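Record features, source Swiss-Prot:
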{"type": "DOMAIN", "residues": "51-360", "note": "domain 'AB hydrolase-1'"}
{"type": "ACT_SITE", "residues": "Ser157", "note": "active site, nucleophile"}
{"type": "BINDING", "residues": "Arg227, Asp357", "note": "substrate binding site"}
{"type": "ACT_SITE", "residues": "Asp323", "note": "active site"}
{"type": "SITE", "residues": "Arg325", "note": "site 'Important for acyl-CoA specificity'"}
{"type": "ACT_SITE", "residues": "His356", "note": "active site"}
Amino acid sequence: MPTAFPPDSVGLVTPQIAHFSEPLALACGRALPAYDLIYETYGQLNASASNAVLICHALSGHHHAAGYHSVDDRKPGWWDSCIGPGKPIDTNRFFVVSLNNLGGCNGSTGPSSLNPDTGKPFGADFPVLTVEDWVHSQARLADRLGISQWAAVIGGSLGGMQALQWTITYPDRVRHCLAIASAPKLSAQNIAFNEVARQAILTDPEFHGGSFQEQGVIPKRGLMLARMVGHITYLSDDSMGEKFGRGLKSEKLNYDFHSVEFQVESYLRYQGEEFSGRFDANTYLLMTKALDYFDPAANCDDDLAKTFAHATAKFCVMSFTTDWRFSPARSRELVDALMAARKDVCYLEIDAPQGHDAFLIPIPRYLQAFSHYMNRITL
């Protein structure tokens, strides 16, 4: 447990909560009359508010992207390798905002929050959300913080989709967009993975139609299975082979169906167990649906280039060679569309064995390329 933080850490951070009482109209046709967004900031906003950077999180992410909440924390925020003094998102230059999206389960209003109309958790009655809904709520947070334009909006995976949506929905409010390990829409295979995960949750007897909190239980089995399926897709075959191979937990096989025999089985069960204790099942359903629904070109005759016609941002698109969840081909599809739309775009394909999760890992070439781009941003 650290008693002193590394010199390139943002150190101790305190989450803040912004309450919004103006109704937020949603794509599903419903509205939230009021809601909270929890967020953290790192660095200082300059006098002209020209150095603000928004971090958009992925499916299971949250607002705590960097630094520590306590001297007793064993781990820093989920993107600490990229945010801090001298790091790619340099807090000596940038004022960084990271939030937990609406519908989340880490402090922003979501399914586990109390519904003021009933006094009970929203549960399955919480409205289905889209990436564009998130961007609208994020824009309100920007207004609250006095930020009229982001120097950059940055995200990996689902976070990259939010960054892209910002350039479409609020084209004049983003100067740079960094979409990392992302895609312009999900493939049929990706939607299928999400559906398997959802069915694992929905068919868990402890789900209770989404009202499990009222029953004092959680659909642990369903969440475990959903996370196990998802986690397989975040890793590459090579990285799993190198880390686990066919290694056994003990010296011999047990010849049954219940024992944890292979090391990879143990790893997946641990990941599922840990996840089921900290994540809300209804939030998981919401996040996967937002992923499935993201398809901005659908509003432009499926013409991706036309989708970005009004974007004014400069784009940086990054992918990783062994990412099969959001493959380099999907990033190149995005780059081709941006070039067809005559946008300023650079593309980086990083050779990395870690698969989709590579965007979270401090790979030297990745950090170097990331830093190089961020250092070019004028404030």
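Backbone N, Cα and C atoms are what each Cβ position is placed from, and that goes for glycine too.
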Out of Ser157, His356, Asp357, the recorded positions in the record, which is closest to Arg325 (site 'Important for acyl-CoA specificity') when you go by Cα distance?
His356
Would you please pick out, from the recorded positions Asp323, Asp357, the one with the fewest other Cβ atoms within 10 Å of its Cβ?
Asp357
Using a Cβ-Cβ cut-off under 8 angstroms and a sequence gap of six or more, which residues of the chain neighbour His356 (active site)?
Ser157, Ala181, Thr233, Tyr234, Leu235, Ser236, Phe320, Asp323, Trp324, Arg325, Phe326
Using Cβ atoms only, which residues of the same chain lie under 8 Å from Arg227 (substrate binding site) while being at least 6 residues apart in sequence?
Ala197, Gln271, Gly272, Phe275, Ser276, Phe279
Counting other Cβ atoms within 10 Å, pick out the least crowded of the recorded positions Ser157, Arg325.
Arg325
Across the domain 'AB hydrolase-1' (51-360), average pLDDT on the 0 to 100 scale:
97
